[in-house]
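Data first, discussion second: the structure below is written as structure tokens.
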Amino acid sequence: MPGAVIAAARQFLRSFAKPCRILVAVSGGSDSKGLLLALHSVIGNRDRDGFSLAACTIDHALRPESADEAAAVAAFCAELGIPHRVCRWEGNKPRTGIQAAARLKRYELLADAAAELGADCIATAHTRDDQRETVAMRSARGEGEGPGSAGMASAVLYGRRIWVLRPFLGLSRADIRAFLTARGVEWLDDPSNANPLFERVRVRTELKASQEAPVAPWSAAQRAASSARAAALIERHVRVHETVVAEVAAAQAGNMSDTDWRRALLSVAAVLGGRNHLPGHATIERIAGFVQAGIAGRMTAGGVVYDRRPNGLYLYREARSLSDCVVGPGEANVWDGRFSVTNGGRYPVIVTASHRDSQWDQRLIDAGLLPGIAKRAARAAPHIAPAPADAAGLVQAKVECRIALYDTFLPGFDRTMANAVAMLFGREPYPAPPVFDDFDRNGEGPGGLPWQGDARTLC
Ligand SMILES: Nc1ncnc2c1ncn2[C@@H]1O[C@H](COP(=O)(O)OP(=O)(O)OP(=O)(O)O)[C@@H](O)[C@H]1O
């Protein structure tokens, strides 16, 4: 139904709190050309109601034809009168994990282009078909069994700086192609979409052959409600000392049967371990067995020590596999996935795990922790010194706690929980999306963005 495409574009624009400039990520494939054309048809060239469009194509430079393909998108945008940038992925490419690396680079370049073109958000053209594939891939990897697994979010905050919105998540690719055909517009077929070396391509083929649609264990609305509840549990039961030790009150310490609480605890642990994902199913079971037993002792999982004491549960980074990192003058770097260090001085600095002579032990004891816990946790706390050690000069470095789990990609339905975690670690809340969402603190209401689609019911 070509009309569904225009309807989705209209609905998308209505969801904004105020009109803005939208950067459309256009690869040249049918979905993204359809998105650009539909938004342009609704907005027109007149900046109607304050909305305006810009577009960007990332040339990953992985295939010889990619530059020409990007130029073809540029020509299409020029015909429509839409400002367009081509951003090329320069430099060396990794030999393995090329798809994941390309994806990360793509979002970074899109965010830079949005800043350059004065856009307030990015729109990508992920469809219902992409959603089905994502759900199938996650469940094949066993991620579907994790606490609170949902499909792809309709809004994602990238790099704490810009929201990426997916207005076509409820539409099928066939609808978009019918819309383009009706308008006489052609599109590119990326040959990597037919390469069975890629997991997504294999899943797509399997889905075509299968009669069964994959079903996400949780809908976006359920996930948002779970996040709101997890946020409330975090506020009630967790304290974080000096950004390096989390303390869980005794009454809650042995609870692993409540899914929301479990996700909350594992999220806090992921931050302390500098990880951008929750542990896998087997590790979660191991952690659950340990804390539920309620016996004083320690276990380690995901680089985090779970230290069970009669008065509660304490979590802190294990003092192992802590590499040093050097930060040049005027540069920023991430240490151990946990701290961003910005060097404002004139000399390089080195970040290492805390030295015995550092003041971390005392700081943690002063914060109210038992000396045994303070001493262990202090060993994995950051210590910043001039590099090389005998270099003269003051260390002028700004250290900020990183939340690896959410700082690169934060799904909209997790924002409430992410903000509760941010508060624990002394960070500002994450910015709100430019669109109205229903992911309020109680998780009430339809629990999604108007164009959301439900990973479960729409599949
Ligand atoms: N080279 C590109 N240049 C600009 N936008 C792109 C490019 N590749 C993909 N996109 C945008 O991303 C959307 C999804 O593309 P695709 O399905 O290939 O990405 P994905 O890697 O599966 O998704 P995700 O990035 O969320 O994991 C496209 O519809 C388009 O809006």
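In case you wondered, yes, glycine gets a Cβ from its N, Cα and C as well.
No curator has checked TrEMBL annotations; they are predicted automatically.
Taken from TrEMBL, the feature domain 'tRNA(Ile)-lysidine/2-thiocytidine synthase N-terminal' applies to 22-205.
The feature ATP binding site is assigned by TrEMBL to Ser27, Gly28, Gly29, Ser30, Asp31, Ser32. For Gly29 (ATP binding site), other Cβ atoms within 10 Å of its Cβ number 18.
Per TrEMBL, the feature region 'Disordered' maps to 439-459.
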In sequence order, those binding-site residues of Ser27, Gly28, Ser30, Asp31, Ser32 whose CB lies under 6 Å from ligand 1: Ser27, Asp31, Ser32
Gly28 (ATP binding site): secondary structure state under DSSP, collapsed to three categories: coil
Spatial neighbours of Gly28 (ATP binding site) that are distant in sequence (at least 6 apart) but have CB under 8 A: Thr57, Glu69, Ala70, Ala72, Val73, Phe76, Trp187, Leu188, Asp190
Check: same-chain CB within 8 A of ATP site center, minus Ser27, Gly28, Gly29, Ser30, Asp31, Ser32: Val26, Lys33, Gly34, Ala125, Trp187, Leu188, Asp190
